[in-house]
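Since the structure comes first, as structure tokens, the remarks are kept for the end.
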There are 2 protein chains.
Amino acid sequence: MTQSAENYFISYIKENGLSMTPQRKIIVETFLETEGHFSAEHLHDLVRSKVPDVGQATIYRTLKLLLDSGLADTIETGDGGALYEHAYGHDHHDHLICVHCNRKIEIFDETIEARQEEVAKQHDFKLTRHRMYLYGICPDCSG
Amino acid sequence: MTQSAENYFISYIKENGLSMTPQRKIIVETFLETEGHFSAEHLHDLVRSKVPDVGQATIYRTLKLLLDSGLADTIETGDGGALYEHAYGHDHHDHLICVHCNRKIEIFDETIEARQEEVAKQHDFKLTRHRMYLYGICPDCSG
DNA sequence: GTGTTTGCAAACACTTTGCATCCAA
DNA sequence: TTGGATGCAAAGTGTTTGCAAACAC
């Protein structure tokens, strides 16, 4: 799947008249092989451990491409930052976040999704996307 | 209600060994008489139109007190900023946001709220709060 | 070749903090 | 009187941008 995701990115690049550079390649590969939710800075560190001279601006610019292409998604941390995660081949989900240890669990609830559509319809809105964050205390932290 | 909200703030201040200063008074009053969702900067402007020499740090510090006391709540704008709104005497709600005109509609759905609790329980989380933003195109913008 | 991409550093937007002074209780 | 509060300016944080040099196609 990682391979097809990379191909997907290459297609996206070509379709938009952009170039596939070594920097973009290493960033995308590192992104794809990194599981979970991570910051731009963390991705930058991972990339630099392979290719030391990649600038942070390139990380941000490439993450933007990953978002636009649909390969990546973000979680807003609430304090002005963002975390990134894989979106390609992953179904939509929301997050349940432990306010103590910051653990993030992916959740999905059909009833909620359906009601979101319904609520939007009640207001004549065309729903394009949504974000839902549930904050609480996880079992490990409440013991 | 505005009056009781102000009294509520005064109680909060006293209970925490803090002082009620003229700056805090004018900021809280201005906050309470301003409806809708507004930025710290906008509140600062409104306050300065009455008392010109209130510093922005005092705005932020007082907004923090308003959040802690439960009088205010925030909406994260997603680009690192925040908007503030009244929370005192207002039931919990979420937001439906037009991605074109930025209009924000307050929404509440019991089914969603119930399912959120249910989902948290499934993962043995004690839910403390949540945020849900629905993004779409409002009827005025889709015409 | 030529338009895109890069790294760097500076700029950004929003918020927080250090500090000397000031003030409420 | 004295611990908290203020205004100012500087610092911080995460992200974006201007630019000249470098590169992909």
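Cβ from N, Cα, C; glycine included.
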A:His92, A:Asp94, A:His130 bind Fe cation in TrEMBL, but which of A:Glu41, A:Glu76, A:Glu110, A:Glu113 does that record place at the same site? A:Glu113
Per DSSP, three-state class assigned to A:Cys138 (Zn(2+) binding site): coil
What other residues of this chain sit with their CB within 8 A of the center of the CB atoms of A:Cys98, A:Cys101, A:Cys138, A:Cys141, the recorded Zn(2+) site? A:Val99, A:His100, A:Asn102, A:Arg103, A:Ile137, A:Pro139, A:Asp140, A:Ser142
Out of the binding-site residues A:His92, A:Glu113, A:His130, A:Cys138, which are near chain B, with a C-beta less than 8 A away from one of its C-betas? A:His130, A:Cys138
